[in-house]
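Okay, so here's the structure we're looking at.
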Number of protein chains: 2
Amino acid sequence: MRVLGVDPGLTRCGVGVVEGVAGRPLTMLGVGVVRTPADAEIAHRLVGIERGIEEWLDAHHPDMVAVERVFSQHNVRTVMGTAQASAVAMLCASRRGIPVTLHTPSEVKAAVTGSGRADKDQVGAMVTRLLRLDAPPKPADAADALALAICHIWRAPAQNRLQRAVAAHHARKGPTA
Amino acid sequence: MRVLGVDPGLTRCGVGVVEGVAGRPLTMLGVGVVRTPADAEIAHRLVGIERGIEEWLDAHHPDMVAVERVFSQHNVRTVMGTAQASAVAMLCASRRGIPVTLHTPSEVKAAVTGSGRADKDQVGAMVTRLLRLDAPPKPADAADALALAICHIWRAPAQNRLQRAVAAHHARKGPTA
């Protein structure tokens, strides 16, 4: 399974591609950041994000895209931009027919470090170890994107089983169940 | 000037096209709502919004697109969806080279009713009067989209003058001014 992880943001949108299956060593195929200028108009920035994500999809043809689930937290201004960048990433994947899954930051941290409250250094260190890299990817957004992809590969089997179970339940009960 | 107004939302995204210039009677060219099913996955809903906005752009070729500026208000869940739908609308317009302008809800209400705190009925009544319609457009999202387009036509001359003045200032002072 090849997964593109996206840590959404307008100024720095982290992207990372990881290949592998749960229980086997994972391979990093690429990591980077899609940037747009902070002083550009929001509409132009979204076009820049779209172009960047499209390039990553063209280059790597992922089977799945994992995007960080955005919550409304402290900084309202940042959260809006993050929600909008995540919308563009989801749109780019979904219109190609690539399944999109959202993972919360604590799910991602728990998946790669064992703790949902791990800090950025811990996440970076575990990403480095799990992908057998020489150093933690910089900036942190790039490391977070790889952590999202790893999280998705490890969580996906359970999620897929759940989705199949729900689908089977609906099939038995009919579409209105 | 032909303006597409967009009142963004995932469940109901209001769209309305108004043609005219400030100080002259305005003409409504179309009004409607792009809907996506509330039980669909967010990524699929965004693809539906994109498809709907593209159809409106293809049908009406607006000169400008006016989108409601999203604030983080009471309902966090709704605000996220609104921010994501607005991102798709801005993206669709901007990648065609159509200028996008954001207007706050109170700017829109003040433009069409004279009060930034007008209620939905007042906005609907004024949209009906200004566009010489037989009845207020339903649902309210559709009326709001038309109000956005009207607001933009009336505010645009001042905004354009300001943008030209800023551009001229930068031209005199050089690009780093």
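Yeah, the Cβs are placed from backbone N, Cα and C, and that goes for glycine too.
For A:Asp7, A:Glu68, A:Asp141, the entry in TrEMBL reads active site. Taken from TrEMBL, the feature Mg(2+) 1 binding site covers A:Asp7, A:Asp141. As annotated by TrEMBL, Mg(2+) 2 binding site applies to A:Glu68.
Feature map: annotations from TrEMBL on the structure.
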residue  : record      : DSSP class
A:Asp7   : active site : strand
A:Glu68  : active site : strand
A:Asp141 : active site : helix
Protein Cβ atoms within 10 Å of A:Asp141 (active site), excluding its own: 25
Rounded Cα-Cα span from A:Glu68 (active site) to A:Asp7 (active site), Å: 6
Number of Cβ atoms other than its own within 10 Å, given for A:Asp7 (active site): 29
Whole-number Å value for how far A:Asp141 (active site) lies from A:Glu68 (active site) (Cα to Cα): 11
